[in-house]
Amino acid sequence: MKDTFLFFFFQNICSNSTVLRTRTICHSCTISQLFLCPPGFKPTPRSNSVCLFCRYYINTPSMKLPLSGCSKECYKEVEIKSCCPGYWGPDCIECPDQAARPCSGRGVCSAGLGGNGTCSCQEGFAGTACEDCTPGRYSPTCSSVCSCVHGLCASGIVGDGRCTCFSGYTGPNCDQELPECAALSCQQNSRCIEEALTGRLVCQCLPGYQRAGSECLSINPCLQRVCHAQASCVHTGPNQHLCTCNEGYSGDGRVCMAIDPCQTDRGGCSAESARCVYNGPGRSHCECLSGFDTLSGGGCSLKNSCTPDSCHRNANCSTVGPGQVESCKHVRARSKKN
């Protein structure tokens with residue numbers, strides 16, 4: 001299996017040759033032929049007999065003196081590997097829907113070693129491989145626009161744009177209300193439909209709405225506690241909502257977890273002098289470790305561990321760590337004058 005994958009991988013890599021050119025450093029024409037091309041480069045055929053004019057400089061105590069000189073032209077053929085057309089990424093993966101016809105021939109694939117394989121579809125087309133029409137369009141070219149007012153359109157590449165009317169409407173574009181429905185004068189957010197059992201035409205609330213007395217009101221899912229206890233619910237439309245975790249919590253709103261700042265970068269506390277203490281969702285504080293004092297700004301400083309007994313009276317004491325003092329250094333006593 002591994003060998004098969006490697007064979008497939010190398011099949012998708014294409015090589016292109018290119019020529020890199022450079023020149024040797026400019027020198028006096030009498031000695032320029034003595035200087036070789038950089039490693040890996042060869043002199044161009046004409047450079048063996050013809051030197052290219054250039055200018056070099058000699059520094060003098062008073063000025064920079066320009067002189068005419070010569071240099072040789074050098075070249076090197078290099079092979080640049082890249083993904084073959086229709087393949088993308090470091091592993092040269094095939095573009096959707098196939099390398100020979102990327103993006104179903106209806107778009108441009110982000111190909112090459114630096115590509116991400118996504119298709120930029122032509123106008124009217126949509127889908128991962130531009131395999132379908134954008135909503136509301138139909139025909140093989142996705143150039144036709146659906147015209148159904150109160151109905152469903154046969155959209156898509158294989159669609160013909162025909163309308164399937166909702167109950168209570170008729171006509172090629174489903175824009176003609178049945179006379180019986182017009183007589184009902186259905187209120188806002190409702191429409192005329194035929195009852196399945198009786199065959200009578202009645203007014204019924206639209207999907208996402210519910211009857212409240214004589215009105216059809218938008219269904220509010222937030223009233224049903226659809227979000228987590230630590231989340232806020234916003235009614236965004238008929239039977240639609242958005243859950244957002246409260247401050248101090250993370251998640252998608254249906255599941256919210258308390259944020260412990262101490263779990264991320266120690267809550268901003270210094271690892272050498274403090275520890276992070278969790279105070280609740282999204283809250284924490286730093287406590288200085290033993291051997292450190294709390295500063296007014298909230299930071300921690302090394303506490304002075306020196307005591308009168310730490311060193312001889314003629315020696316200096318230095319705190320080098322929590323509860324640790326440096327080896328005492330004797331101070332040379334001043335000599336007394338006679």
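The backbone N, Cα and C atoms fix where each Cβ goes, glycine too.
Cβ neighbour count for Cys121 (disulfide bond) (all protein chains, 10 Å cutoff from its Cβ): 22. According to TrEMBL, the disulfide bond annotation covers Cys121-Cys130 (among others).
TrEMBL lists Cys146-Cys163 (among others) with the feature disulfide bond.
Annotated disulfide bond per TrEMBL: Cys165-Cys174 (among others), in sequence order. Neighbour density for Cys165 (disulfide bond): within 10 A of its CB lie 19 other CB atoms from the protein chains shown.
Positions annotated as disulfide bond by TrEMBL: Cys186-Cys203 (among others). Other Cβ atoms within 10 Å of the Cβ of Cys186 (disulfide bond) number 20 in total over all chains.
Here TrEMBL flags 91-131 (among others) as domain 'EGF-like'. Confidence across the domain 'EGF-like' (91-131), taken as the mean pLDDT and rounded to a whole number, stands at 92.
Sequence-distant contacts of the domain 'EGF-like' (138-175), counting only residues of its own chain at least 6 positions beyond either end whose CB sits under 8 Å from a CB of the stretch, comprise 124-125, 131-132, 181, 191-194, 201. Here TrEMBL flags 138-175 (among others) as domain 'EGF-like'.
Outside the domain 'EGF-like' (177-215), and at least 6 residues removed from its termini, the chain residues within Cβ reach (under 8 Å) are 150, 166-170, 237-240. The domain 'EGF-like' feature in TrEMBL is assigned to 177-215 (among others).
Long-range neighbours of the domain 'EGF-like' (218-257) within the same chain, counting only residues 6 or more positions beyond its ends whose Cβ lies under 8 Å from a Cβ of the stretch, are 189, 206-210, 280-283. The domain 'EGF-like' feature in TrEMBL is assigned to 218-257 (among others).
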Message: On a simple 10 Å Cβ count over all chains shown, which one of the disulfide-bonded residues Cys130, Cys163, Cys174, Cys203 is most densely packed?
response: Cys130
Message: Counting only residues 6+ away in sequence within the same chain, which have a CB under 8 Å from the CB of Cys146 (disulfide bond)?
response: Gly136, Arg137, Tyr138, Cys153, Ser155, Gly161, Cys163
- request: Give the residue counts of the domain 'EGF-like' (91-131) per reduced DSSP state, in the order helix, strand, coil.
  value: 4 helix, 11 strand, 26 coil
Statement: One should report the C-alpha separation between Cys165 (disulfide bond) and Cys130 (disulfide bond), rounded to whole angstrom, as 29
- prompt: Helix, strand, coil residue numbers for the domain 'EGF-like' (177-215) per DSSP?
  reply: 6 helix, 16 strand, 17 coil
Nearest recorded site to Cys121 (disulfide bond) by CA-CA distance, among disulfide-bonded residues Cys174, Cys186, Cys203: Cys174
